[in-house]
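K.L.:
A single structure is presented below for examination.
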Amino acid sequence: MPDEMSRRLILERDDGGARHFEDGVSDPSTSVIGILGTGDFSRSLARRLVASGYHVVVGSRTPTRFVALFPEEVEVTSQLEAANKADLIFVAVYPEHHSTLMDLKQALTGKTLVDVSNGLSINHKGPSNAELLADYFSGSFVVKGFNTVSAWTLQMGARDGGRQVFLCSNSQMAKNLVKSVCHRMGFIPVDMGLLSSSLEIENLPLYLFPSWRLPVFCMLLLFIFFYLYNFARDVLHPFIMKHKSAFYKMPIEVVNVTFPSVALVMLSLVYLPGLLAAVLQLWSGTKYNRFPNWLDRWLTSRKQLGLCSFLCAVLHAVYSLCLPLRKSARFNLINQAYKQVKMGVEDSWVDEDVWRMELYLSVGIMALGLLSLLAVTSLPSVAGTINWREFSFIQSTLGYCALFMATAHTLFYGWNRAFVLAQYRFCMPPTFVLVLILPIVVLLGRVALCLPCVAGRLRKIRRGWEGNRHIRFMLPAEDCRNGVEDVSN
Ligand code: NAP
């Protein structure tokens, strides 16, 4: 690590240099931007900078070898010459090779270096690549940034207008300089503060759906459980008890009864943590106690759980539409018709079955429609256009409507089969009986929270009232008809 005091002095002196260059950056035609390295990132960056009006100098170990790969406006030269000519230099080489640039230390002193490098794996301990670069080049101002932008995005340009570039540096002047270049290239700079944030910025492109792990794991676990359960009941049972092969059901029929089971349980899991949080608040008589970590994590995963539920519901709808297309369905229909003709049955219309099916499909379609609405409003671009009350109305009120519809859909599917003994194959209750437990608990829990005595207490707690404090508490007029409510204990 360099001596902190000497670094500070250099920072003071050189910030002036950065300011000088910043004046030039406002007029790109007069400012020179350097890039060290001639790889994929360098080529895309050079093109974008040239398109934004900058004069670009690329420094290479072997300039003649790569000159043809750059637009003719770009000057491809030696690393030293590029370092001498430019005041703002992008270091587009791998972090392992930062140390090989030490010969340029003198030429880079007082200049702004943009470290665009990414690590190979997530690094929580540090130091970051940018911090190491700052140690190597203690006389330069290191800015971390552009590592979250791919070479492809640079080549295409920020067309969607929403490309963010995370920046951090210990020198505000150097950061401002890079910000203005960012703006000119059509990107949106996001100031992440000091260089100590560089570790976080370097880790950003390496995460693999961190917030999705738990919901997806949960979905897979439920899928495996319900698939095996349905397989045992619908395929194994007829095979063992009646020597009838129903293995053809495995790819579509069994999957199609598994998806709605997973969808409904996942949808219940979206609303269950909210109920648990309310129960905890009612029980402890305050909203100021922290929830246990597992509940906190569960609450923050609700969006992902909901989207997983939506995916399963959509797949169930598609599978259901495909059911009549199967050869097995056609053969079964023909066989049934033939049997009925043989038995002399002329009219196979069963009023109860017809009604059950009509209602079952109708509420199912409505549940899917509401789930689609919830999924669409969970998109940040859509959520950003509605206010908090509208968002909570859709996600909470309409969400509970969707849960109710999906529960009704399953109830219509099951009808009275829960009370038919033959349905308990291998002593296992029908799948819908298992599936209905959680949504019914959640819906009843919600109804219980709406009871005036419970809802009133919860409302007070959520506005700051605490059960174990002796305070006079006033609810707003619309929350309490008497205006002032003495809730002192
Ligand atoms: P690349 O195609 O392999 O280019 C790396 C360049 O580094 C080489 O062309 C080489 O240019 C130069 N270099 C300098 N010293 C070197 C040395 N000692 N050994 C080997 N090469 C040396 O890599 P890249 O994809 O452009 O990535 C460059 C940096 O950008 C990396 O740190 C990467 O993490 C970061 N990045 C890349 C992307 C992307 O989409 N590609 C996105 C974000 C960040 P000369 O031979 O001309 O000197």
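From the backbone N, Cα and C atoms, a Cβ is placed for every residue, glycine too.
Since we're looking at a predicted model, the values are computed, not measured.
What TrEMBL records for 33-119 is domain 'Pyrroline-5-carboxylate reductase catalytic N-terminal'. Here TrEMBL flags 214-232, 259-284, 359-379, 391-412, 432-455 as transmembrane segment. Here TrEMBL flags 262-405 as domain 'Ferric oxidoreductase'.
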K.L.:
Look at every Cβ pair spanning the transmembrane segment (432-455) and the transmembrane segment (259-284), keep those 6 or more apart in sequence, and say whether at least 3 of them are under 8 Å.
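P.N.:
Yes, the transmembrane segment (432-455) and the transmembrane segment (259-284) are in contact.
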K.L.:
Same chain, outside the transmembrane segment (391-412) by at least 6, Cβ under 8 Å from its Cβ: which residues?
P.N.:
260, 263-264, 267-268, 270-271, 274, 306, 313, 356, 359-360, 363-364, 366-367, 370-371, 373-374, 377-378, 383, 432, 435-436, 439-440, 442-443, 446
K.L.:
Cβ under 8 Å, sequence separation of at least 6 from the ends of the transmembrane segment (359-379): give me the contacting residues as numbers and ranges.
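P.N.:
Distant Cβ neighbours of the transmembrane segment (359-379) are 267, 303, 306-307, 309-310, 313-314, 317, 386, 391, 394-395, 398-399, 401-402, 405-406, 408-409, 412-413.
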K.L.:
For the domain 'Pyrroline-5-carboxylate reductase catalytic N-terminal' (33-119), jot down how many residues DSSP puts in helix, in strand and in coil.
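P.N.:
Within the domain 'Pyrroline-5-carboxylate reductase catalytic N-terminal' (33-119) the tally stands at 40 helix, 22 strand, 25 coil.
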